[in-house]
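Summarising the annotation, TrEMBL assigns transmembrane segment to 7-24, 30-53, 65-82, 94-114, 121-138, 150-170, 182-201, 221-242.
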Amino acid sequence: MKQQLNYTLWISFLVSTVLIYLFFSSGEFSFILTLACGIQCFGFGLVFTTISITKDTSGLSKQTFICCAQALLARLFSILTFEGYLPSDATGDYVYRLFEILSLIFCILTAFSIKNNKEELFKWYYFTPVMLVTAYYVHPGLNSHSFCDISWVFALYMESFAILPQIHLFTKREGIIEYHTSNFVITQAINKVICVIFWFYSYEELNRSADESTISVAPWLSGYFVMVAQMISIIITTDFVYKYLQSWKQGIPLVMLPS
């Protein structure tokens with residue numbers, strides 16, 4: 001049942017993506033940011049829909065969803081008040097923002113549904129202070145508004161490590177990984193790969209974006225920090241993605257063994 005539900009949701013997402021591109025996109029390169037955001041939203045929606053039907057949240061990391069909720073909320077502060085970090089593609093006006101809002105809703109509802117797990121080593125408060133300080137001292141200035149610039153880059157830094165508690169939880173559990181859980185991690189990994197592709201061609205704009213009003217001590221490094229943060233997230237998920245692809249290729253469920 002869970003596998004069939006996941007297939008149905010994937011097909012629905014792919015069809016929706018094509019329709020959004022055909023009817024809402026202006027065809028600009030920055031559409032891939034909307035695509036990345038949509039994939040992330042799909043991941044959160046997939047998890048929430050599945051656990052709402054099955055009432056089973058085993059294997060999900062509450063800490064990961066708390067970290068993601070903080071990141072999504074911070075980014076919304078930025079993109080709902082300013083347009084500096086929105087895709088220049090037509091989908092940046094409404095579709096991108098809608099995806100972010102839906103992601104936050106799904107994420108918060110899921111976080112509240114997951115029970116605390118003593119096996120979770122990494123807590124959200126291990127990451128938040130460090131990412132806030134880093135964002136304060138190294139942030140771009142596309143919004144020309146310090147609070148919203150910091151909010152945007154804090155979200156990006158936070159997301160880079162948010163998946164770590166979930167990956168670590170996999171190493172503490174033995175058995176088959178639920179389809180919605182594994183697909184959630186895969187959607188987050190795909191999101192980061194697409195973001196890396198976009199920022200690879202655009203990160204220099206972040207380095208040049210600071211003005212005299214910025215409080216960043218190293219704004220010329222913000223583009224590099226953004227790239228490194230995205231790469232860290234990809235590295236964290238690399239082993240899991242490899243095992244996922246191997247199990248998919250063999251047509252068998254993904255099984256994790258405790259470390």
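Glycine is no exception: its Cβ is also placed from the backbone N, Cα and C atoms.
Unlike curated entries, TrEMBL annotations are predicted automatically.
Within the same chain, the transmembrane segment (30-53) stays apart from the transmembrane segment (150-170): fewer than three Cβ pairs sit under 8 Å, each pair at least 6 residues apart. The largest share of C-beta pairs under 8 angstroms with the transmembrane segment (94-114) comes from 65-82, of the ranges 65-82, 150-170, 182-201. Put simply, of 65-82, 150-170, 182-201, the stretch with the most CB pairs closer than 8 A to the transmembrane segment (221-242) is 182-201.
Listed stretches 7-24, 150-170, 182-201 were compared with the transmembrane segment (65-82); the greatest number of C-beta pairs under 8 angstroms is found for 150-170.
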